[in-house]
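According to TrEMBL:
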ACT_SITE  C85  active site
ACT_SITE  H256  active site
ACT_SITE  N289  active site
DOMAIN    30-348  domain 'Calpain catalytic'
DOMAIN    497-616  domain 'C2'
Amino acid sequence: MKKFLFDQNKKYKNQDYSALKKECQTKGTLFIDPEFPPDDRSLSSTPGKFGSVVWKRPKQICDDPKLFVEGASSGDVHQGRLGNCWFVAASSTLASVKEIWNKVIPDANGQEWNPEKPDEYQGIFRFQFWRYGYWVEVVIDDFLPTINDELVFIHSQSRNEFWSALLEKAYAKLFGNYEVLDGGELSEALEDFTAGVSDTLDLLKLEVATKPEERVALFARMQKEMDRRSLMAASIPAASAEEMEASTDVGLVKGHAYGITCVKNVHLEGSGLFGLFNRDKMPMIRLRNPWGQCEWKGAFSDGSPEWDKIDINDRKKVGLTFEEDGEFWMTFEDFCKYFHQTAICRVVNTSFFTLTKTWHEGLAHGAWKKPDRAGGCPNNRESFLKNPQYAFDVGDEDEFMCQLMQKSTRDKDGAVNKTIGFTVLKVELNRRTRIHDLSLQEKLTSTVYRDSRSIFLRHGPVKKGRYVVIPSTFDPNQEAEFLIRVYTSDANNFMELTAETPKKSWYNCCAKSPVLVTQIKVVRATGLQKQDTQGGADPYCVISCDGEKVTTRSVNNTTNPEWGDSAIFYRSDPLKHPLKVQIWNHNVIRDQYMGKHVFLSTDDFRNSAQEVDLYGRKGESQTVQPGKLMVHITQTRDLSSL
């Protein structure tokens, strides 16, 4: 299938940063962005909503403006008058991973104010966001909304630092105005900063607050994600509008996103209080409130007596400070008790020149379109298969990740996300055409349907084979565009299944057209002859028909293998080319033949369960070999029915 150049940058509104900067240099002027002008249109669709706003350049706000003051840190991002804590928390988390913010803020040093060369400053900045499969460069001027000389929206702890405010402005431009950023999903911003895949964990469903073993597993998982430079954040959903931004008794805020900045075991020393724990280390987590205040008030909060039992050197190791900066530590047990959701955004490594785990990526743009590609969810059995279908291969005992992302509706007035999800099927090893009969396929898993921008699934380990993912809206006949991405450890041969039946080869126009389609599932064998001196055998099947061969996986150390693999054949001359199944024993040097069966019938039948004998080959083709083979066969002359 066609490969997209996803690493190529797109220029938003076709604005070229270098050309615009050069034009301003030539004219001796500062840049004013005609696509996002410093007026009410860029603030809101409702004039005057934010009061008497005055747009000012940083030089008009302070004497010594900087893009960064002593680099970027999570403390540089404080929420303003917008309810966009989801974006603020993502920005705060972004600041802690230098490799990522170098991508979002390209050539940061080159964009920095240089007081020694004031003529080189043109009041123009650029940022990059990952949008629907591409990195998009957004150009802005440096006008920022103020009231009484104070920034209205995101601001830094340092009055003369402006990277976070300018980042928010670029993101607002991408969606039309600042107001559009009021309310959103944390995972959206994390994905837009990283091109990663996000997953939201429901901590209540995982029961991590009441089940210690689940809590230990989650801590190990989050530690691993932190080591892999994943971005993470957590929240406590508000049950009603009245609860939004309400502070709990322990200082945590409902309906609010907290960036996670560290997950680690803290070594404890001394006696007294810590004797209660009866262990040398405590699983702990560090979070940050984008407001920069309203911190946790429980155990290990800033200035709490628990810290007094740890000497100064140990405090330095965990980066402990007692400032009103919104950052705080808590035990992981308390985290699981009070927080309900955790968002994890994985920056998937597809480079083969690193020491960390690499993934093979398969991806495609697609769309749900009436009348034959908008079938709705599996509840709609008659129409579900009338959705786009994508095939991919997985190695034995391996896992895969899949993400479905619909095009954002945030920049469209009144538009809402569709409720979306996907189903994964285990299909024939050689499936290259669309599936028409769901009952003949094995359902592997499916996601919950949600009205989110993206849905993520990590699944495995699974058996080696071919799988098909079917993305859909919940209701049929809904139209939308989407991006689907699949990640596997090995090459996955990702492709969209578009043909209803096999297409005739252009290079063999004289070839006969198929007249019969046969699906065979090799279920198992029993009583095979022992082949190895140690153990039984490592059997696998070779299924052949009409010149095509399909090989199943081998099952180790058994004479009673269970495969569950299937194949499909479109047959032009079934009498001349019957269906054959051979069983072989896998060996390091040379594989050993164990038996075969030839299926001669050309009748139509559905899911026919057959237990058959095995025979020798060549001169022993009529000699029965040890063992029985169990298969399920469906075949029909309706080529578009399977």
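All positions are counted from 1 along the displayed chain.
From the backbone N, Cα and C atoms, a Cβ is placed for every residue, glycine too.
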Just counting, how many other CB atoms are there within 10 A of the CB of C85 (active site)?
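That number is 25.
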Check the DSSP secondary structure of N289 (active site), expressed as helix, strand or coil.
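For N289 (active site) - judged by DSSP and reduced to three states - the answer is coil.
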Report, as a single number, how many Cβ atoms besides its own are within 10 Å of the Cβ of H256 (active site).
25
Helix, strand or coil: which one is C85 (active site) in, per DSSP?
helix
Among all the protein chains here, how many other CB atoms are within 10 A of the CB of N289 (active site)?
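Cβ-Cβ neighbours of N289 (active site) within 10 Å number 26.
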C-alpha of C85 (active site) to C-alpha of H256 (active site): distance in Å?
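That separation, Cα to Cα, works out to 6 Å.
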Given H256 (active site) and N289 (active site), what distance in Å do their CA atoms have, once rounded to a whole number?
8
Average the per-residue pLDDT over the domain 'Calpain catalytic' (30-348) and send me the rounded value.
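Within the domain 'Calpain catalytic' (30-348), the model's average pLDDT equals 84.
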